[in-house]
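Here's what TrEMBL has on this protein:
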| type | residues | note |
| --- | --- | --- |
| REGION | 11-37 | region 'Disordered' |
| TRANSMEM | 68-87 | transmembrane segment |
| DOMAIN | 89-248 | domain 'Sodium/calcium exchanger membrane region' |
| TRANSMEM | 158-179 | transmembrane segment |
| TRANSMEM | 191-212 | transmembrane segment |
| TRANSMEM | 227-248 | transmembrane segment |
| TRANSMEM | 269-292 | transmembrane segment |
| DOMAIN | 278-414 | domain 'Sodium/calcium exchanger membrane region' |
| TRANSMEM | 312-335 | transmembrane segment |
| TRANSMEM | 342-367 | transmembrane segment |
| TRANSMEM | 373-394 | transmembrane segment |
| TRANSMEM | 406-425 | transmembrane segment |
Amino acid sequence: MASTEPWLMENGNLKGMSKETRHGRTAHNMSSSSLRKKSDMTLVSKVPCGIVRKVLANLQEVILGTKLSILFPAIPLAIVAQCYGFGKPWIFALSLLGLTPLAERVSFLTEQIAYYTGPTVGGLLNATCGNATELIIAILALMQHKVDVVKYSLLGSILSNLLLVLGTSLFCGGIANLNSEQKFDRKQADVNSLLLLMGLLCHMLPLMFGYVGKFDAAVIEKSTLELSRVCSFVMLVAYVAYLVFQLWTHRQFFEAQEEEGDDVTTEEAPVIGFCSGFSWLVLMTAVIALLSEYVVGTIEEASESWGISVSFISIILLPIVGNAAEHAGAIIFAFKNKIYTLGVALGSATQIAVFVVPLSVITAWIIGINMDINFNLLETGSLALSILVTAFTLQDGTSHYMKGFVLLLCYIIIGACFFVSQAPLKANGVNMRVESSTGAIFRA
């Protein structure tokens with residue numbers, strides 16, 4: 001086994017995966033692991049120099065240890081395109097492709113570090129880095145005063161997880177298991193649904209300020225902003241309580257139920273050391289930040305070149321590419337009659353709704369930008385109906401292909417809505433109401 005080779009040791013020993021850690025793996029870890037592949041260390045083991053052998057082993061595990069490694073060349077291509085002034089739509093497309101394997105590798109590295117830190121610290125690290133791409137894009141967009149891009153991208157991530165990821169998994173799982181009924185534990189779904197509904201309430205109240213009476217626009221704007229900040233603090237408190245609930249008091253609700261014969265549980269020791277894993281995690285995060293900056297800086301030019309609105313790119317295209325690893329992992333496990341994607345989709349949507357969104361509002365406040373959580377009527381309505389449809393889908397603890405098919409149809413309808421509705425992008429940090437009209441010409 002590769003785990004016994006000397007170049008995988010750091011500080012003279014190799015810590016294996018304890019039973020507590022193994023059975024504490026989250027659904028996100030289990031789903032992402034479906035895209036990993038074991039590395040053949042035959043050639044690496046023949047390298048005489050220990051330091052070179054260790055570096056090559058790390059490169060093979062981190063860079064080539066995923067089925068998405070074919071997309072890594074997009075990263076240097078995006079950097080070259082940026083440095084040599086290629087067309088910005090090309091930079092945007094290459095950066096999106098480069099972000100796809102990075103998101104999966106961050107999940108891999110956090111799991112590797114968790115082998116050394118234990119399940120609790122590992123769970124906190126995974127919760128923090130689970131949506132690192134969305135959080136970095138949001139912060140960089142805020143720094144460029146592109147508040148609408150932040151709102152659209154975060155909304156799109158929630159919708160993608162609730163309708164596309166979950167819908168695809170339930171549909172594929174139902175088709176692959178027509179003669180059997182897929183069942184899951186409702187406890188986790190109930191907790192996530194409650195948090196999503198609370199987040200929806202926080203989004204709807206600022207929206208309603210514009211309809212409750214005849215107030216001066218400045219008064220409405222100020223009240224909406226203040227309420228948004230209060231709601232953001234409340235959501236962050238709820239997220240902290242959610243972490244305590246998930247990692248300490250009721251951990252069993254969120255543990256992926258592993259079965260004998262699962263190919264993701266055969267490896268019981270880390271394949272890289274703690275220092276190497278942490279260094280790679282820092283490097284991957286830096287590359288994600290660089291590519292995210294390219295994405296944010298070229299999104300308007302890509303929109304104009306392709307004739308697609310920024311809202312459609314941010315709500316539909318960005319989440320599809322950014323969550324490609326979760327999508328693929330969910331489908332793979334669905335065909336094996338394992339609904340790990342329930343925890344992946346609901347957990348990720350919950351994290352974005354009650355952590356990334358309020359954190360973006362607080363961050364904007366700190367850097368002097370007025371960002372509220374009024375996502376406008378069309379966007380908030382899409383979010384509300386998506387949460388309700390998902391909650392009704394999961395209420396009985398069973399699944400079949402028709403449920404997944406309906407979720408996918410809902411996602412297609414919402415995508416078509418934002419495709420024909422082209423809204424002007426505002427960059428002044430204030431967005432009270434976006435006027436949408438079919439056939440309008442987009443102007444950044």
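Placed from the backbone N, Cα and C atoms, the Cβ positions cover glycine too.
Predicted automatically and left uncurated, TrEMBL annotations should be read as such.
In this chain, the transmembrane segment (342-367) lies apart from the transmembrane segment (269-292): fewer than three C-beta pairs between them fall below 8 angstroms, excluding pairs fewer than 6 positions apart. Two recorded stretches are said to be in contact when at least 3 C-beta pairs lie under 8 angstroms, sequence spacing 6 or more; the transmembrane segment (373-394) and the transmembrane segment (158-179) meet this definition. Same-chain residues lying 6+ beyond the ends of the transmembrane segment (312-335) with a Cβ under 8 Å from its Cβ atoms: 28, 30-35, 67-68, 96-97, 99-101, 103-104, 107, 133-134, 137, 148-149, 152-153, 155-157, 159-161, 164-166, 168-170, 172-173, 176, 295, 299, 302-303, 306, 341, 344-345, 348, 379, 414-415, 418-419. In terms of DSSP helix, strand and coil, the domain 'Sodium/calcium exchanger membrane region' (278-414) has 112 helix, 2 strand, 23 coil.
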